[in-house]
Amino acid sequence: MGTLSVNQNKLQKRLRRLAGEAVTDFNMIEEGDKVMVCLSGGKDSYTMLDVLLYLQKVAPIGFEIVAVNMDQKQPGFPEEVLPTYLKSIGVDYHIIEKDTYSVVKEKIPEGKTTCSLCSRLRRGTLYTFADRIGATKMALGHHRDDILETFFLNLFYGGTLKAMPPKLLSDDGRNVVIRPLAYCSETDIEAYAKLKEFPIIPCNLCGSQENLQRQVVKEMLREWERQSPGRTEIMFRALQNVHPSQLADRKLFDFAGLRIDDSAAPRFVDAVNL
């Protein structure tokens with residue numbers, strides 16, 4: 001890749017800045033961390049690795065990066081692509097070989113979406129491997145749009161107000177998961193992946209289509225952004241500005257314990273009489 005144009009340079013700086021802000025805001029990476037970067041071969045994980053390698057060079061703390069890919073034995077998976085790329089940029093890496101593809105095909109009827117089960121099997125394997133190599137953080141490539149899509153999926157179909165947190169502790173308590181691209185837009189990531197000419201591996205090798213509900217939500221958000229540019233950013237800010245007293249979850253706010261403050265009236269009268 002040659003010299004960047006002005007716009008390309010702005011794009012690169014924006015992604016690096018936003019990832020750096022997310023890492024700082026949520027204390028994602030600390031001195032001495034061993035960060036296991038989960039690399040699928042898609043645009044998001046390539047971009048995440050690229051940005052984290054930059055942050056590793058300029059950060060005031062020292063941390064280690066190791067890339068990990070899981071070869072799930074999908075037919076046609078190009079086994080040589082990731083090792084070749086990672087060797088070319090000098091990054092330590094591991095390839096986990098585990099045939100979850102056969103398990104998924106056995107459990108899920110033909111024509112049904114396999115993504116959910118496939119994801120759970122992959123996540124469990126990665127958690128175990130992170131523990132084995134002593135990784136203190138496990139980095140996933142989810143971005144701002146993924147987080148918002150998950151929020152609306154849970155809202156529309158699950159009846160819950162939750163999304164993907166930028167940082168979380170796994171259910172088994174053994175792994176801290178981080179999402180350094182939490183502030184980055186999918187549009188920027190797509191443009192950056194093309195600019196950097198990452199060797200993208202198709203995500204549909206298994207023949208499964210993305211969850212239909214997620215596709216609907218993704219298109220809904222894109223249409224909203226087309227109609228009202230900046231709306232996506234505003235919605236994401238809402239996830240960082242929650243007021244439990246203005247919702248209806250009794251576990252988060254003590255509605256039953258609300259009482260009139262008897263001292264409020266005298267204070268109000270005193271203020272008026274001043």
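Any Cβ shown, glycine's included, is placed from N, Cα and C.
Range annotated as motif 'PP-loop motif' by Swiss-Prot, chosen from 40-45, 106-111: 40-45. Taken residue by residue, the motif 'PP-loop motif' (40-45) breaks down under DSSP into 3 helix, 0 strand, 3 coil. In the predicted model, the motif 'PP-loop motif' (40-45) shows an average pLDDT of 95.
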